[in-house]
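Below are the features I grabbed from TrEMBL:
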DOMAIN    B:7-518  domain 'Cytochrome oxidase subunit I profile'
TRANSMEM  B:26-48  transmembrane segment
TRANSMEM  B:68-91  transmembrane segment
TRANSMEM  B:103-126  transmembrane segment
TRANSMEM  B:151-177  transmembrane segment
TRANSMEM  B:189-217  transmembrane segment
TRANSMEM  B:273-293  transmembrane segment
TRANSMEM  B:305-330  transmembrane segment
TRANSMEM  B:342-364  transmembrane segment
TRANSMEM  B:376-402  transmembrane segment
TRANSMEM  B:417-438  transmembrane segment
TRANSMEM  B:459-482  transmembrane segment
TRANSMEM  B:554-587  transmembrane segment
Amino acid sequence: MADHQAVEQHTLPPNPEKATLEGRNKYLGFWFFLGGETVLFGSLFGTYLGLRDGVVDGPGPSDLFHLDLVFIMTMILLTSSLTSVFAVINMKRGNYKGLLMWMWATVLLGVAFLGFEIYEFYEYYHLGLGFTTSAFASSFYTLVGTHGAHVAFGVSWITVLLIRYRKSGLTLTNAPKFYTAVLYWHFIDVVWVFIFTVVYLLGIGG
Amino acid sequence: MSYEKAQSKNVIWDWLTTVDHKKIGIMYLAGGAFFFALGGLEAILMRIQLMFPEFTFVQAQTFNELLTMHGTTMIFLAAMPLLFGFMNFIIPLQIGARDVAFPFLNALGFWLFLFGGILLNVSWFVGGAPDAGWTAYVPLSSESPGHGLDYYVLGLQIGGAGTLIGGINFLVTIINMRAPGMSMMRMPLFTWSSFVASMLILFAFPALTIGLLLLMLERLFGATYFAVDFGGNVIIWQHLFWIFGHPEVYILILPAFGIFSEVLATFAKKRLFGYSAMVFATLIIGFLGFMVWAHHMFTVGMGPVANAIFAVATMAIAVPTGIKIFNWLLTLWGGRIQFTTANLFALGFLPSFVMGGVTGVMLATSAANYQFHDTYFVVAHFHYVIIGGVVFGLFSGTFYWWPKMFGYRLNETLGKWFFWLFLIGFHLTFFVQHFLGLMGMPRRVASYLPGQGLDSMNFISTMGAFLMTVAFILLLVCIFVSTKNRTNVADPWDGRTLEWTTPTPVPEYNFAQTPLVRELDAYWHEKYEGDGKMKAAEPLEDIHMPNGTILPVVMSLGLVVAAFGLIYLVHPLTIVGFAITFGAMFVRSIKEDHGYHIPVEAIKRDKEEG
């Protein structure tokens, strides 16, 4: 019931995201979902590793990748994970304003990351790497693009939450929502770490 | 929504918007049964074509479409939804829960399955169904002209998303929603095996999602993963497909194993022999199920080392499966066995499935596999495990749970006729196919030449298929003529588990008071050690229920619209479709929906009437 759950801040339990059965279900269900997502990205990584030498006449990894650009993107995304951690810490302290502020910071960093990724794809396209150029091109754009689509979805999701709950205060209903969104955000961050290693570092050094 | 408003909904609107696991379970059963009949019709058309050598009943192209759609329909649209129907209806009752963990997602999963299945079958009417086999190997599938394979890719993608959602839902339900005292090791075997099957769904379906995504991008947007000229590799599809496809076999068979475990224990009037061994055997089968996918690819040329590893891993699965078979036999041993139709299917399953298991070990022998590969021997093998295992399990479960689900008992005389005709028809159809395969008849061919010793066995096989059809029609007759058997439906079999403690029809809140579980086979324990009633774990209070919603239908419909946009590359349509789906998700996200409460008085009134 809404009136039951709009509890005053100081009466919220220490882990508001797991205080209700609904919250616990969401939390556990989301972990399972991330397990499935792991297989999803695992399949894409496997496909990429199988096809990354299939460059035919098009440009290959060492012709394209610049570590400075990718380093900036990595730093942006890692920082966004940190800001989302700050948001959760504020949630557990009952500081709703802090939660909102750090989540907005996370969204902004996510948007910045997406901007760099669009720039990156644009540049590769002009260097002759179209989606259909080679098996390497297709598998690269599919893997990194799927990750980018996840980032875009995460940004929209968190933005919707932030606007919907801009004035509500922390409740037992919205705490699990923010918490699962943060879990999702960490997950796409971890996937990026693997992309950084497997795609970019191996592409230049391996 | 208030309680009064929730009670006074129009019937059709009620079913479209329901989030009740029992109604969703019944809808899964109805949808699955429809596609089962459709897949059966496709099979009969194929068997008629193969009745005589060089017969011209259907064209070769039509035959390819029939065999593709028969396999795809039976696996994705019949067997799995039918099992999901039982899982939905029975699991919450067996663990003493009021509903599943995510009632909304449960409804979404059903509508995604239904719309995915319908989308797939629309292909028949718009220029031809998919024709590359249910495995859709590239480059045959990536080069296949027309739109059939596009329907395959998108139909399965939508249906598969529904399955994944359902799997996560069952996992969380079983972990978080068990009644007090229902520890994991007191769960009925059907719930346990559904739990492991859901785990397999969770980790297997994303590989299919990616496989289908790649095939879609290759067909519609010119990607080159599978195009060898562009550095692509066709084997990647086979790996992705079977990393999904092999666990899929266990996703189907494990819940069926669960049904047999319930049925055999109930009708032998004994506790299931070796309960904990059964649980661990199920877990081991689930784990090994992920380790053996490449045994479908022995002839691809992976080399002797890979072949040997996958051969040994495959044979290892025979061990936990054997443990199960012996536990079932020992459950029967010394029992007071009742030969009801449900139990006959369980008893018929034991030898039939063992035959399928033996040919499975033969196929796992990678050196011999070169001889069996792509022959009717393989067809015989997987029909023995899937019909002898899964379909027998579904029929057994139908007769066992029908009184609880629909409030009347199925006629036993007609049921036994149905069982014997189906059993004989099944063995008649598929036993001879072993020998057809060993004689060299390849699978998936539209015809064969006379005078090669294949004629009479193909004829016999077709006769068996007719017999199975007659049996299935008898089941439908049985369902319609049995409706008057409305007595003794709450606990007709002297049941052992919690679903039989509920009144029939089951009220929407399942349990007026959550039961307290004190032993494995909780109800049986209370019958023989207690006073025959479950102890309550909570006082009688208002019960919280979720509100119904139309959003799952809207979300699924949006994806179908988007799929048509993709298939015909009409981009505005795709955008509209996704906008509908994401719009519905947006509404769902911002609209807090806290459900309603059923007042104590209404529950008391139900109790007095029941």
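Cβ atoms are placed via backbone N, Cα and C, with glycine included.
Those TrEMBL annotations? Automatic predictions, nothing curated.
Explain the structural surroundings of these features, please.
Long-range contacts of the transmembrane segment (B:26-48) within the same chain: residues 15, 55, 57-58, 63, 66-67, 69-70, 73-74, 77-82, 84-86, 88-89, 110, 113-114, 117, 121, 405, 429, 461-462, 465-466, 468-469, 472, each at least 6 residues beyond the stretch ends and with a Cβ under 8 Å from a Cβ of the stretch.
Through the fold, the transmembrane segment (B:103-126) approaches residues 17-21, 24, 27-28, 31, 35, 38, 65, 69, 72-73, 76-77, 81, 84, 88, 147-148, 151-152, 154-163, 165-166, 168-169, 546, 549, 551-553, 555-557, 559-560, 563, 588 of its own chain, all at least 6 residues removed from its boundaries and within a Cβ separation under 8 Å.
Here the transmembrane segment (B:189-217) has Cβ contacts under 8 Å with residues 83, 86-87, 90-91, 94-95, 136, 138, 141-142, 149-150, 153-154, 156-157, 160-161, 163-164, 166-168, 170-171, 174, 223, 225-226, 236-237, 240-241, 243-245, 247-248, 250-252, 254-255, 257-259, 261-262, 272, 275, 278-279, 282-283, 285-286, 289-290, 566 of the same chain, all six or more residues outside its ends.
For the transmembrane segment (B:273-293), same-chain residues at least 6 beyond its ends with a Cβ under 8 Å from one of its own Cβ atoms are 185, 189, 192-193, 196-197, 199-200, 203-204, 239, 242-243, 245-247, 249-250, 254, 257, 261, 310, 313-314, 316-317, 319-321, 323-324, 327-328, 330-331, 333, 520.
Beyond the transmembrane segment (B:305-330), the same-chain residues lying 6 or more positions past its ends with a Cβ under 8 Å from any Cβ of the stretch are 257, 260-261, 264, 272-274, 277-278, 280-282, 284-285, 288-289, 291-295, 298, 346, 350, 353-354, 357, 360-361, 364-366.
Tertiary neighbourhood of the transmembrane segment (B:342-364): same-chain residues 259-260, 263-264, 266-267, 295, 311, 314-315, 318, 321, 325, 328-329, 332, 372, 377-378, 380-385, 387-389, 392-393, 395-400, 416, 419, 423, 426-427, 434, 493, selected by CB-CB distance under 8 Å and a gap of 6+ residues from either end.
Remote same-chain partners of the transmembrane segment (B:376-402), defined as residues 6 or more beyond its termini with a Cβ less than 8 Å from a stretch Cβ, comprise 74, 79, 82-83, 86, 89-90, 249, 252-253, 255-257, 259-260, 262-263, 266, 340-343, 345-346, 348-349, 352-353, 355-357, 359-360, 362-363, 408-410, 415, 418-419, 422, 426, 429-431, 433-434, 436-438, 441-443, 475, 493, 499.
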Can you check how the pLDDT averages out over the domain 'Cytochrome oxidase subunit I profile' (B:7-518)?
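So the average pLDDT across the domain 'Cytochrome oxidase subunit I profile' (B:7-518) works out to 96.
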Is the transmembrane segment (B:459-482) packed against any residues at least 6 beyond its ends, judged by a Cβ distance under 8 Å, and which are they?
37, 40, 43-44, 47-48, 50-52, 395, 398, 408-411, 414-415, 417-418, 421-422, 424-430, 432-433, 436
In the same chain, who gets a Cβ under 8 Å from the transmembrane segment (B:417-438) while lying at least 6 residues past its ends?
47, 341, 344-345, 348, 352, 359, 372, 375-381, 383-384, 387-388, 395, 454, 457-458, 460-472, 474-475, 478
